[in-house]
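Undergrad: One structure coming up, written as structure tokens, with questions to follow.
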Amino acid sequence: MANQVIRCKAAVAWEAGKPLSIEEIEVAPPQAHEVRIKIIATAVCHTDAYTLSGADPEGCFPVILGHEGAGIVESVGEGVTKLKAGDTVIPLYIPQCGECKFCLNPKTNLCQKIRVTQGKGLMPDGTSRFTCKGKPILHFMGTSTFSEYTVVADISVAKIDPSAPLDKVCLLGCGISTGYGAAVNTAKVEPGSTCAVFGLGGVGLAVIMGCKVAGASRIIGIDINKDKFAKAKEFGATECINPQDFSKSIQEVLIEMTDGGVDFSFECIGNVKVMRSALEAAHKGWGVSVVVGVAASGEEISTRPFQLVTGRTWKGTAFGGWKSVESVPKLVSEYMSKKIKVDEFVTGNLSFDQINKAFDLMHSGNSIRTVLKM
């Protein structure tokens, strides 16, 4: 099949705001420096829903969404040297070419090699590998895991331990890695520190896990849904609070609880007002606040400059700061050695045909991650 078109099932988003449609598509062979992957498992993330909603300024249709997946290499294009058919892999929405100035700088993981074409929903040569009903279908985040087969750039693939369970480690393609890395890489949480995590979805839970691994002594979870508190405590939160239970602002509450503010705070929602609260809950002189959540297009953050003049630091993170190709295999190893949790993020499994139900579960607030088995 290596040089042939593959016919398979995919969940196509024909237009914004409509449910995904399971269709038969054609997947073209990989071109030079591309890899065709048989997806074994994929999860549904809020980023997929954000683009499907039509709110994403980079969102283009028709498209095959999905960016938390894992699978097996089916074939490779010309010039691919580090991967071969049969390799177990996780596709990556932030690549690592190893050559651009971003890859060569230890301070960032934001490889720019294929950014322009990826943002347009195309492969690096400016075309698509997907066709449905005679029409080209766009790629998404360079991964498009909502398909039985996908084609990705060879710099957007992490080769992992073949014994890893793909219906679990697919989650390391986005949410868990993002939250965990926000704590250990971006914030660099210190032993004995006090942390506050705003938003207790999958990413927030991963931040809590990272804070615990880093040795934080106090981890305060914050959410308006108290049903999420028990799970947060399982992941390492020492206490949880609901902002709606207080008459004063949440930053005032946290400052009182912590004798002046927290050492590290994390916004895992994508709400610019909460981003301000998280910054202002950080301790004067040394507090660090990390923006993890992705705000809607056009939103702006604000605070009084005095908050920064008096020693607080405001930072952002993408994919937890991990240089992807080299780091994801290590994260899989950490999971296999039980240093980090992954299984506990999976709240359900569904067949691929039930993908729209997985979106409904996510919107209900009762699920962390639903994994689809292809």
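Each Cβ is built from the backbone N, Cα and C atoms, and glycine gets one as well.
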Undergrad: Starting from the Zn(2+) 1 binding annotation in Swiss-Prot that includes C45, C174, which of H67, H139 is the extra site residue?
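TA: Answer, per Swiss-Prot (Zn(2+) 1 site with C45, C174), from H67, H139: H67.
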Undergrad: Just going by other Cβ atoms within 10 Å, which of the modified residues S324, S351 has the emptiest spot?
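TA: Counting other Cβ atoms within 10 Å of each of the modified residues S324, S351 gives the minimum at S351.
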Undergrad: Kindly assign K315 (N6-succinyllysine) to one of the three DSSP-derived states: helix, strand or coil.
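TA: Assignment for K315 (N6-succinyllysine) reads strand.
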Undergrad: Which residues, same chain and not among C45, H67, C174, have a CB within 8 angstroms of the centroid of the CB atoms at the recorded Zn(2+) 1 site?
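TA: The surrounding set, listed in chain order, is A43, T47, D48, G66, E68, Y93, M141, T143, G173, G175.
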Undergrad: Between R115 (site 'Important for FDH activity and activation by fatty acids') and K315 (N6-succinyllysine), what C-alpha distance do you get in Å?
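TA: One finds 22 Å between the Cα atoms of these residues.
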Undergrad: Residues other than C97, C100, C103, C111 within 8 Å, Cβ to Cβ centroid, of the Zn(2+) 2 site?
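TA: Here the non-site neighbours turn out to be P95, Q96, G98, E99, K101, F102, L104, Q112, K113, I155.
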Undergrad: Between C97 (Zn(2+) 2 binding site) and H67 (Zn(2+) 1 binding site), find the distance joining the two CA atoms and give it rounded to the nearest Å.
TA: 19
